[in-house]
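Asks: Got a structure for you, written out below as structure tokens; questions coming shortly.
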Amino acid sequence: MTKLSVNINKIATLRNARGGNVPDLLKVAADIQRFGGQGITIHPRPDERHIRYQDARDLKAIVTTEYNIEGNPQHNFIDLVLECKPDQVTLVPDAIGAITSSAGWDTIKNQEYLKEVIQEFQRNGIRTSIFVDPVLEMIEGAKKTGTDRIELYTEAFAHQYDLGNKNGIDPYVKAAELANELGLGINAGHDLSLDNIQFFKQNIPGLLEVSIGHALISEALYLGLDNVVNMYLKKLK
């Protein structure tokens, strides 16, 4: 079964819109796990516009499943991850001020830097994953960084699926097959939803984990958080 890690950035966005502590991020994280979620993902950004660095620290005691911290490995982020020691760190090349992630790493151009950062995290017992596009050269480059896993950036698949083009899965299948051959674990995320997750899961060999936030929280507004988490779990079996 592919594990479901729920990204709770949108909960923090809602909280920060009014100040105070409603909704309570820590309670939501605890409830998601109680409902069956198998992990919690956060993506703190330098401006702390949704997840705050203190949230990352506070969640350490709350997350009893798998704790995944995503972000661009700048100095402050590296320090935060080493302090919190999550189960997994996912390295994402997002620009400062970006609304959301928009591309994977160039694992050839950034290979030496990624290798250095990955080794630091691994020395501290943290599993590493790097965000990549479904491009075979980037998968090969990822292997050379020493990362434990890759996270396939699934925006292109989701867009094509919405248009009715199921062939949009093809590059992801090839990327996953190569990753499996190279011994890389496979995660995936970005624009996955109740509409497309089952098709994606059924076609990607060796898919270990998906990280879903925006769609899941949006769907929960209509269907309820407990219900939506379990709907995803059924589709990921």
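Here the Cβ of each residue, glycine as well, is placed from N, Cα and C on the backbone.
From Swiss-Prot, for reference:
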ACT_SITE  His190  active site, proton donor
BINDING   Asn7, Arg18, Asp191, Gly213, His214  3-amino-2-oxopropyl phosphate binding site
BINDING   Arg45, His50, Thr100  1-deoxy-D-xylulose 5-phosphate binding site
SITE      Glu151  site 'Transition state stabilizer'
Asks: How would DSSP class Arg18 (3-amino-2-oxopropyl phosphate binding site) in three states?
Replies: helix
Asks: How far is it from His190 (active site, proton donor) to Gly213 (3-amino-2-oxopropyl phosphate binding site), counting Cα to Cα, in Å?
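Replies: Answer for this pair: 8 Å between alpha carbons.
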Asks: Tell me which of the recorded positions Arg18, His50, His190, His214 sits in the most Cβ-dense spot, judged by other Cβ atoms within 10 Å.
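Replies: Answer by Cβ density within 10 Å: His190.
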Asks: Out of the recorded positions Arg45, His50, Glu151, give me the one sitting nearest to Arg18 (3-amino-2-oxopropyl phosphate binding site) by CA distance.
Replies: His50
Asks: Which residue, out of the recorded positions Glu151, Asp191, shows the minimum number of other Cβ atoms inside 10 Å of its Cβ in this structure?
Replies: Asp191
Asks: Are there any residues at least 6 positions away along the chain from Asn7 (3-amino-2-oxopropyl phosphate binding site) with a Cβ closer than 8 Å to its Cβ? List them or say none.
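Replies: Non-local contacts for Asn7 (3-amino-2-oxopropyl phosphate binding site): Thr41, Ile42, His43, Glu70, Gly189, Ser211, Ile212, Gly213, His214, Leu216.
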Asks: From the Cα of Glu151 (site 'Transition state stabilizer') across to the Cα of Asp191 (3-amino-2-oxopropyl phosphate binding site), what is the distance in angstrom?
Replies: 13
Asks: In whole Å, note down how far the CA of Arg45 (1-deoxy-D-xylulose 5-phosphate binding site) lies from the CA of Glu151 (site 'Transition state stabilizer').
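Replies: Arg45 (1-deoxy-D-xylulose 5-phosphate binding site) has its Cα 18 Å from the Cα of Glu151 (site 'Transition state stabilizer').
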Asks: The record lists Asn7, Arg18, Asp191, Gly213, His214 as binding 3-amino-2-oxopropyl phosphate. What's the largest Cα to Cα distance among them, in Å, rounded to a whole number?
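Replies: About 26 Å separates the two most distant Cα atoms.
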Asks: According to DSSP, does Glu151 (site 'Transition state stabilizer') sit in a helix, a strand, or coil?
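Replies: Where Glu151 (site 'Transition state stabilizer') sits, the three-state DSSP reduction gives strand.
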Asks: Give me the count of other Cβ atoms within 10 A of the Cβ belonging to Gly213 (3-amino-2-oxopropyl phosphate binding site).
Replies: 22
Asks: Which of the three DSSP states, helix, strand or coil, fits His214 (3-amino-2-oxopropyl phosphate binding site)?
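Replies: DSSP call for His214 (3-amino-2-oxopropyl phosphate binding site): helix.
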